[in-house]
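Here is the structure we will look at, set down as structure tokens.
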Amino acid sequence: MVLFVIFSAIYALTITGNFMIITIIKQESHLHKPMYFFLANLSFLEICYTSTITPNSLINLLKESKTISFVGCFTQMFFFVALGSSECVLLTVMAYDRYIAICQPLFYSTRMNPSLCVQLLCISWVVGLLNSLVHTVYTAMLPFCKDHLIRHFFCDIPPLLKLSCRDTYSNELVSTFVGGSVVITGLMLTFVSYINILRVVLRIRSEKGRQKAFSTCGSHLIVVTIFFGTIIVTYMLPGSDSYNEQKKMLSVMYGVMTPLINPVIYSFRNSDFQKAINKRISQR
């Protein structure tokens, strides 16, 4: 019951915070920029992402018999992996947006035009859905003739592979190379963007200009570090059974806590958002 109350509060705050970001961006005309367009879509992703696992987990905290159907389990896994992969790509796109804004400001309005923003958003969704489809179909083809006890909080690739009575080496390779390519490629492109941003920022002579540039990128960099870091540790690093138990706790971090942290980071560290929120409060 204690866990139910805690995670219910976290889930409610996550939905409220991310929905607030979407609403403010939609209503404030001065926030109708590529950066906030991607931020609004990130908030929408976070709402869907945490909603794939949290409600069912909350129900299981109150039930004696914690069951899920075969179809329900793989449906949950498909959307969880798809939304997580899409978020990896979207965070990379947001890093590219910051790179153009800081390193090539004179070309920002022409390069980051509405058409390109929509195309980049569609790419993030397509990559996420295709990545998840490969994992879901390939995992669902396995014979599950061992015990049907999923030793995890939700249906995910690693705990499901352990239930199969067939050798899952090929599945692990697919998970590493297909899923890893999405994560590592996104992380490397993000690093390249920020290396170039750092080189440009260090050339700025005024202290105020450097602080403004760092504050613009700081929020996104914190989110990238938390999200990519927990995913790499959970899915791409081998470990013992005791270490794998710790990875389950990390899955709570990126599946439940990260969607809550993101709106807090963006709202409290972003001056434009602070002004928009203060404006809404004063109007109320």
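Placed from the backbone N, Cα and C atoms, the Cβ positions cover glycine too.
Listed in TrEMBL for this protein:
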DOMAIN    17-266  domain 'G-protein coupled receptors family 1 profile'
TRANSMEM  6-24  transmembrane segment
TRANSMEM  36-54  transmembrane segment
TRANSMEM  74-96  transmembrane segment
TRANSMEM  116-134  transmembrane segment
TRANSMEM  177-201  transmembrane segment
TRANSMEM  213-237  transmembrane segment
TRANSMEM  249-268  transmembrane segment
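Counted over residue pairs separated by six or more positions, the transmembrane segment (177-201) shares fewer than 3 Cβ pairs under 8 angstroms with the transmembrane segment (6-24), which leaves the two as not touching. Counted over residue pairs separated by six or more positions, the transmembrane segment (116-134) shares fewer than 3 Cβ pairs under 8 angstroms with the transmembrane segment (213-237), which leaves the two as not touching.
Under 8 Å from some Cβ of the transmembrane segment (74-96) lie the Cβ atoms of residues 35, 38-39, 41-42, 45-46, 48-49, 52-53, 56, 68, 120-121, 123-125, 127-129, 131-133, 135-136, 139-140, 154-157, 160, 179, 182-183, 185-187, 189-190, 193-194, 220, 223-224, 227-228, 231, 254-255, all in the same chain and six or more residues away from its ends. Nonlocal intrachain contacts for the transmembrane segment (249-268), taken as residues 6+ away from its ends with a CB within less than 8 angstroms of a stretch CB, comprise 7, 10-11, 13-14, 17-18, 20-21, 39, 42-43, 46-47, 49-50, 53-54, 80, 84, 152-154, 156, 219, 222-223, 226-227, 230-231, 233-234, 274, 277.
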